[in-house]
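K.L.:
In case it helps, Swiss-Prot gives these features for our protein:
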type	residues	note
ACT_SITE	Glu202	active site, proton donor
BINDING	His15, His17, His199, Asp279	Zn(2+) binding site
BINDING	His17, Asp19, Gly172	substrate binding site
SITE	His222	site 'Important for catalytic activity'
Amino acid sequence: MTAIDFHKLAKIELHCHLDGSLSLSTIRHLAELAQIDLPEDDEELKQHVTAPVTCESLLEYLESFDYIRPLLQTNEALTIAAYDVAKQAALENVIYIEVRFAPELSMDKGLTVTETIDAVCQGLRQAQEEFGIIAKALVCGMRQSDQSLTARILDEANQVRDSDFVGFDFAGDELNYGPAAIKPLIEQVKSYNRPMTFHAGECGCPAFLAESIAMGIKRNGHATILAQEPELLDEFVKNGVTGELCLTSNLQTKAAVTVNDFPYLKMKAAGANITINTDNRTVSDTNLTKEYELYHKYFDSTVQDFYAHNKTAIEASFASDEEKEELLARLAKAYS
């Protein structure tokens with residue numbers, strides 16, 4: 001297959017972080033609005049906002065986000081950013097995307113939780129109207145933050161009723177803040193009866209993924225540890241959990257030291273629910289087209305595999321039932 005074939009394939013993305021996926025041109029635009037100086041050379045700028053090909057750890061990978069935080073402190077900036085990420089996705093034939101972000105990281109200059117969600121949803125709607133993509137927002141609680149602050153943020157977010165804000169996630173430092181450490185926050189979100197996904201299995205800790213499965217969470221970000229844990233993989237499959245796999249990101253952070261440590265083939269053989277994602281388009285210097293190329297290169301994934309994974313993604317998405325029906329029909333037509 002050639003690159004153009006991968007580009008043309010209709011795609012679904014469930015795991016994409018807003019602040020890790022801004023295009024360089026949008027980063028420059030936002031810096032201008034915030035009156036923040038940036039390196040004039042794109043290659044130099046890229047070094048600040050793209051993580052090394054191999055990082056020492058997940059925490060080193062997360063350092064790239066510090067550069068973006070000051071740029072996302074106004075309604076206008078968040079709207080521009082959300083539009084940019086959804087546009088990037090649409091231009092590579094992504095027909096549905098969930099973009100996740102942490103309101104806390106955009107509240108340094110006085111924005112409220114509600115204002116951040118409204119601004120992101122506005123940007124996503126602009127992209128939907130312009131490009132025909134369906135784009136939704138997820139709100140992340142930061143697991144390493146003060147829990148009383150996170151609890152307030154989650155409660156305020158839950159008051160927002162916007163059809164483009166569809167669920168919750170917990171992101172950040174998994175290693176030091178596993179599910180048990182933030183269990184009250186997880187239970188708080190579960191009490192809302194709104195969809196939730198959860199980062200687990202990215203830092204080499206099988207217990208964290210096991211805990212998230214035991215808590216009844218049906219979508220999991222990364223699940224990388226499954227490559228080494230056959231019994232946990234059985235539980236993952238038995239409980240119908242869907243994995244949001246992020247190959248390039250996992251290789252960067254050493255969640256998977258080599259391609260052989262990535263769980264895709266074992267998950268596929270076990271009949272697990274698999275989706276393919278970028279995680280962070282800019283921080284990982286990737287997009288879904290590149291990810292599909294890598295799956296084909298390393299795992300011999302076929303067009304039929306991509307069709308199956310995209311169907312899984314639609315079924316596991318937080319879209320409405322009507323939107324899922326529409327997306328499944330669009331996907332079937334695109335792959336026929």
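Start at 1 and count along the chain as shown; that gives each residue its number.
The backbone N, Cα and C atoms fix where each Cβ goes, glycine too.
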K.L.:
Relative to the Cβ of the residue listed as 'active site, proton donor', which residues of the same chain, six or more apart in sequence, are found under 8 Å away?
P.N.:
Leu58, Glu174, Gly221, His222, Thr224, Ile225, Asn250, Thr253, Ala255
K.L.:
Could you state the whole-number distance in Å separating the C-alpha atoms of His17 (Zn(2+) binding site) and Gly172 (substrate binding site)?
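P.N.:
One finds 11 Å between the Cα atoms of these residues.
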K.L.:
If the Zn(2+) site is taken as the center of the Cβ atoms of His15, His17, His199, Asp279, which further residues of that chain fall within 8 Å of it by their Cβ?
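P.N.:
Neighbours found: Cys16, Gly20, Arg100, Asp169, Ala171, Gly221, His222, Glu244, Cys246, Ser249, Asn277, Asn280.
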K.L.:
Quick one: pull the CA-CA distance for Asp19 (substrate binding site) versus Asp279 (Zn(2+) binding site), whole Å only.
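P.N.:
One finds 10 Å between the Cα atoms of these residues.
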K.L.:
In terms of Cα spacing, which of the binding-site residues His15, His199, Asp279 are within 10 angstroms of Gly172 (substrate binding site)?
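P.N.:
Candidates kept after distance check: His199.
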